[in-house]
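A quick write-up on the structure given underneath.
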Amino acid sequence: MAADPEIAKEGIKVSSTQSSLKDATGVSGEVHHLPTYEHEKALVLKFDLRILPMLALMYLCNALDKGNLGNAKTDGFEKDLHFKSNQYNLILSIFYIPYVIFAPPFAMAGKRFGAHRALPIMMFCFGSFTLLGASVSNFAGMITLRWFLGMAESAFFPLVIYYLTTFYRRGELARRLAIFYAASNIANAFSGLLAFGVFQIKSHLDGWRYLFLIEGAFTVLFSVIAFIYLPKSASEAKFLSEEEKHTAYMRIQMDSSSIVNEPFDLKEALKIFKMPVTYGFLAIEICLGVPLQSVSLFLPQIVARLGYSKVKTNLYTVAPNITGAAMLLILAFSSDFARIRFPFIALGFLFTFVGFIIYATIDVEHSIHVAYFACFMMTWGTSAPSVLLSTWYNNNVAHEGRRVTLTSVGVPLANLMGVVSSNIFRPQDAPKYIPALGTTAAFGACGCAITLLLGTYMIFDNARRNRKGGVRLTASDVPTERLKDGPNVDEFRWFL
């Protein structure tokens, strides 16, 4: 059987250190070889079967509860709550203020007390707020609920990313994160199908209220199951034998973290902002956020321009979201196979740019099939860059505290761009939304350019470091236990 390049690294030795390996080895200074391929393969399969499905379902609930306003809008949500002019855009925007403010402290608390507990608690909270949304009768009530929903969801995705880095090695992460994140695309598709079904119910209760009740109740119920089910970490999972726990610990020590399960230290964590490349990653997050949120929040309105009925409009959002999930998996698996991130991120941005430009420049009413294909390209170009970008910078940060800090700032920053998206899709520009489409395309183009520039810098910096040391090392040649200080270490190589 051919060995996975991320698993079959026989011959590399792990030198135990008092700070990082004594709990795993029990003998300081003892030398270990990396586990064999077959042992790791079986271990990874256990994680895949026990961790990923649960996290994917949790994120599906998260995406449903966050993005259901687009479907509610098509059922007269604004009219029922007596909204005026731009009040719908305001309730979309208000969500992102607490989402950004509370993400870093909540994520840091999650690191300190355990992501396996923090994630289900947040899930219970945002499910409860979705349930309460069904009882709202005016604008004030809805905007208040959206504020607390933003708080409850703020650190969810950053903590999931961090949580996965404690189970998987760097070259295994993208495709697992993609499988998890595909739940978002499936949620958007499922939301359309669910809305299609719920809006057929004949009752004195508004269809969108039924939608909130069903989605909120499922989320609350599932959060209780998740609280009981999720293990604390790979090396402390109850479903593993002692030998498997040791193997799980060593895997992460060698190819993910500098110190496994390191206690959170705020001063050390904030040192991530002394690394100049951090700001390149954050700039890409900003460029990513606008197309991501434009598709998430306004795809039903974009599809509505094709001239279909309310029911068909929701139904026709399903296929683009499903193919978006498929493209995400294709790019993520390809990225893990090639052990490189930035070209696939740039390709996703290119899809975004082309999709929005096509839709903005053609005569949609007379080119419905081309316009609908552009909707597919929009979804292709939003999900993949988000997953691969998060994977890219987590692959380059071995310190667990700095990793969760960067993720807790970067992911909400991308979501903050929902404020831009919700204000560029103005009612007065309907149904064409030309300014919004052009703005979104411009962010896609900038994201592509910055990604290519940052990737090129990393290539040249790796080459410079190799010339200086007279070696030919890549990121996969250096154990992460030596990389606590990142680029300040001579052995450091960028994971491209």
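Using N, Cα and C of the backbone, Cβ positions are placed for all residues, glycine too.
Curation plays no part in TrEMBL annotations; they are all automatic predictions.
Feature annotations, reproduced from TrEMBL:
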{"type": "DOMAIN", "residues": "51-496", "note": "domain 'Major facilitator superfamily (MFS) profile'"}
{"type": "TRANSMEM", "residues": "90-109", "note": "transmembrane segment"}
{"type": "TRANSMEM", "residues": "147-165", "note": "transmembrane segment"}
{"type": "TRANSMEM", "residues": "177-201", "note": "transmembrane segment"}
{"type": "TRANSMEM", "residues": "207-230", "note": "transmembrane segment"}
{"type": "TRANSMEM", "residues": "277-303", "note": "transmembrane segment"}
{"type": "TRANSMEM", "residues": "315-333", "note": "transmembrane segment"}
{"type": "TRANSMEM", "residues": "340-362", "note": "transmembrane segment"}
{"type": "TRANSMEM", "residues": "368-392", "note": "transmembrane segment"}
{"type": "TRANSMEM", "residues": "404-425", "note": "transmembrane segment"}
{"type": "TRANSMEM", "residues": "437-460", "note": "transmembrane segment"}
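Counted over residue pairs separated by six or more positions, the transmembrane segment (404-425) shares fewer than 3 Cβ pairs under 8 angstroms with the transmembrane segment (315-333), which leaves the two as not touching.
Tertiary proximity for the transmembrane segment (368-392) is limited to same-chain residues at least six positions away from its ends with a CB under 8 Å from its CB atoms, namely 161, 173-174, 177-178, 181-182, 184-185, 281, 284-285, 288, 291-292, 294-296, 299, 302-303, 305-307, 316, 319-321, 323-325, 327-328, 331-332, 335, 341-342, 344-345, 347-356, 358-359, 362, 407, 410-411, 414, 444, 447, 451, 495. When Cβ-Cβ distances below 8 Å are used as the criterion, the transmembrane segment (277-303) is approached by residues 67, 69-71, 73-74, 92, 184, 188, 192, 313-314, 316-317, 320-321, 324, 345, 349, 352, 356, 359, 372, 375, 378-379, 381-383, 385-386, 389, 392-393, 396, 406, 409-411, 413-418, 420-422, 424-425, 430-431, 433, 436, 439-440, 443-444, 446-447, 450-451, 453-454, 457-458, 487 of the same chain, each at least six residues removed from its ends. When each of 90-109, 147-165, 207-230, 315-333, 437-460 is scored by its Cβ pairs under 8 Å to the transmembrane segment (340-362), the top-ranked stretch turns out to be 437-460. The list of residues near the transmembrane segment (437-460) in space but at least 6 beyond its ends in sequence, with Cβ under 8 angstroms from a Cβ of it, reads 277, 280-281, 283-284, 286-291, 294, 341-343, 345-346, 349-350, 352-353, 356-357, 359-360, 381, 385, 389, 417, 420-421, 424, 494, 496.
Sequence-remote contacts of a segment are chain residues at least 6 beyond its ends whose Cβ falls under 8 Å from one of its Cβ atoms, and for the transmembrane segment (207-230) they are 51, 54, 57-58, 61-62, 64-65, 68, 71-72, 75-77, 80, 116-117, 119-121, 123-124, 126-135, 194-195, 198-199, 201.
Mean pLDDT for the domain 'Major facilitator superfamily (MFS) profile' (51-496) in the predicted structure: 88.
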